[in-house]
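Copied from TrEMBL, the annotated features are:
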- Cys377, Cys380, Cys417, Cys420: Zn(2+) 1 binding site (BINDING)
- Cys386, Cys389, Cys404, Cys407: Zn(2+) 2 binding site (BINDING)
- 149-318: domain 'Helicase ATP-binding' (DOMAIN)
Amino acid sequence: MCHWPAVVVATPAHSGVGDALSYRSERALAPGTLVRVPLGAREVLGIVWRNDDAPPEGLAEGQARDVAQVLDALPPLDAAWRDLVGFAARYYQRALGEVALAALPPPLRELDPSQLARRLKRPARAAPAAVDPDSARALTPEQAAALEALSAADTAPALLFGATGSGKTEVYLQGTARTLAADPSAQALILVPEINLTPQLEARFRARFGDEAVVCLHSGMTPAQRLAAWIAAHTGRARIVLGTRLAVFASLPGLRLVVVDEEHDPSYKSQDGARYSARDLAIYRGKLQNARVLLGSATPSLESWHASEQGRYRRLAMAARIGGGSLPRLRLVDMNHQPKGALIAPPLLAAMGERIARGEQCLVLINRRGYAPVLACHACGWKSGCPHCSAYRVFHKLDRTLRCHHCGFTQRVPRACPDCGNLDIEPVGRGTEQVEEQLAGLLADVKRPDGGPVRVARMDADTTKAKGSLEAQLAALHAGEVDVLVGTQMIAKGHDFRRITLVAAVQPDAALFAADHRAPERLFALLMQAGGRAGRDAAHSGAAELWVQTWNPEHPLFAHLRTHDFAAFASGELAEREAAGMPPFAHQALLRADARTQEAAQAFLNAAAAATQDLPHREAVTLFPAVPLTIQRVANVERAQLLVESPSRAALQRFLAAWQPVLLQCRGLPEARGLIRFAVDVDPLSL
Ligand code: ADP
Ligand code: ZN
Ligand code: ZN
């Protein structure tokens, strides 16, 4: 007898290939089984999605192709995993095959059954998760209450609203320990924004649960490492998966707990392919697999905060810092009253000097890397624009280059203005390199307690490119070899620095007036998080300070920052969002188009909008006119987008699904000639 498995294979976005392809098989294959099937002239990896009773109509029995190989050394992917992937594909408007195959580790695509069997040699039984009881701490009352609430009968997602330094990690660790102890096959998934930024977290999980029980999953791993980790999770041998957003798709048959650390972090939202939110999928996955979901943050996303206000999420608050340390005091520097052109205002400089002389450390935050964002000629007005992008190339002084941070185009700095030959071309604005350079000079008179000169270091994407360099720089900081660390937002995240007592944000104002409605939320989070690096050691914390240089000291954001009052800030922002009909009070999607010309990109979008008259729920959605992106051209590609909005998530979803075939048709219109690609971004993070 013959079987008719419907197999999902990797399909390019918008290829128009249906959800699953029909094959023939001698054997019955359980859904979730991995197979290799012929596709055109190639043989590709596929996943059996379901079994049909007969060949699809129109396909004669003899035309069907046979499943080539069955990777049956691997247990089938379970129904929950398939449901998760199916949901993600539908919700984010992508092909099922694209999402499903992208969720598997890449080397799996190449292996034949015997190669795979060799990889599976290791025993597939659950690791014992040897909890080291000595490493578990006595919990503070707030931690204990949060942990109790987490295991209470109420299974709604929990939002752990814990101040920086309140000991959220210990709650994750002990929550995990309880989960694993309750059931020998239970698994926990711990999501973090960027694993490299938090080497301490991995170390703590390994120390507590043993190396065998913990695997990591993130894009920085080699393909072979990723495959091994994925298999360990899929077979249940690994009890804990620690990973970045892609780990939300790990196959975890025993999943009982999902933790999303720093749940507000934008890196949980994928920015290409299926633009999924790992945080949102974690919530869905928790429901599917009956797993607890714990979102943690000192500055939750407004979406999660709103859900906790409504009672959809349970809010578990931990306001106190471990050891009773207080949160840093806000010191606003009104730049209107400072010497003109001062990079670091005199009072801030004096405060830094005092701390360094006492053996304490300072963090200086500036959200631009390089020396200066632009190089300009004051004689003729030339600026260091990128020939391929509508953006300026950034001046990097150390290697004397002009680099485009969008397309990577790099050239040596010209000796003279390329337009008029003027020799004095000058940097405009400031980046991390410049702050590092100038601070060394500004602090030249300050001495460390040992009499030595002040040591200034810099940490940004440029200094941490080489493998291991980030870890080395963090270690130097922890060892006290650095007095002042200058860096981008990466220094604000998650680190548990002990001797930092002063954090300064030197030019945060741009975000106060950005067109993007999420900019204030992100700035508030950044400053709270950055400030949270200070005073974590109670020995110093009485004096911890967060300095902010601003031209707008009256801005309400700073009033809430002063009182560390996230709740008040959030309620103000939410009220504005509600009045403006913005998320989370409305639901959005973007249709984005890349094309050779801006006209073609917009023409495609407008044609797509015009062709929606007969679509379901059309009356429930608003389509806005096509507009160019803020950075409209990148690497010679013109970019435009069109916003779609609806008060109803369900209506928006049905509308978008019905729109897909229309978009495919519009792609072929004459006015859309030059269109390169289009994509739908559901719940976009920036407009
Ligand atoms: P958060 O993630 O909330 O900012 P951490 O989890 O980094 O805070 O905890 C802050 C510090 O307090 C860490 O050094 C941690 O080791 C320590 N800590 C956490 N819980 C306890 C506890 N119950 N007793 C003693 N120290 C603790
Ligand atoms: Zn010039
Ligand atoms: Zn460029």
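From the backbone N, Cα and C atoms, a Cβ is placed for every residue, glycine too.
Look at the binding-site residues Cys377, Cys380, Cys389, Cys404 and count other Cβ atoms within 10 Å of each Cβ; Cys380 has the fewest. Checked against Cys420 (Zn(2+) 1 binding site) by C-alpha proximity, the binding-site residues Cys386, Cys389, Cys404, Cys407 yield Cys386 as the nearest.
When the binding-site residues Cys386, Cys417, Cys420 are compared by the number of other CB atoms within 10 angstroms of each CB, Cys420 has the fewest. By the rule that a residue counts when its Cβ sits under 6 Å from some atom of ligand 2, the binding-site residues Cys386, Cys389, Cys404, Cys407 yield nothing. Only Cys386, Cys404, Cys407, in sequence order, out of the binding-site residues Cys380, Cys386, Cys404, Cys407, Cys420 have a CB under 6 Å from ligand 3.
The Zn(2+) 2 site, placed at the center of the C-beta atoms of Cys386, Cys389, Cys404, Cys407, has further neighbours from the same chain whose C-beta lies within 8 angstroms: Pro387, His388, Ala391, Arg393, His405, His406, Gly408, Phe409, Val634, Ala635. Distance from the CA of Cys377 (Zn(2+) 1 binding site) to the CA of Cys404 (Zn(2+) 2 binding site) is 18 Å. With a cut-off of 8 Å between CB atoms and residues at least 6 apart in sequence, the same chain places Cys386, His388, Cys389, Val634, Ala635 near Cys407 (Zn(2+) 2 binding site), listed in sequence order. The predicted model assigns the domain 'Helicase ATP-binding' (149-318) a mean pLDDT of 94.
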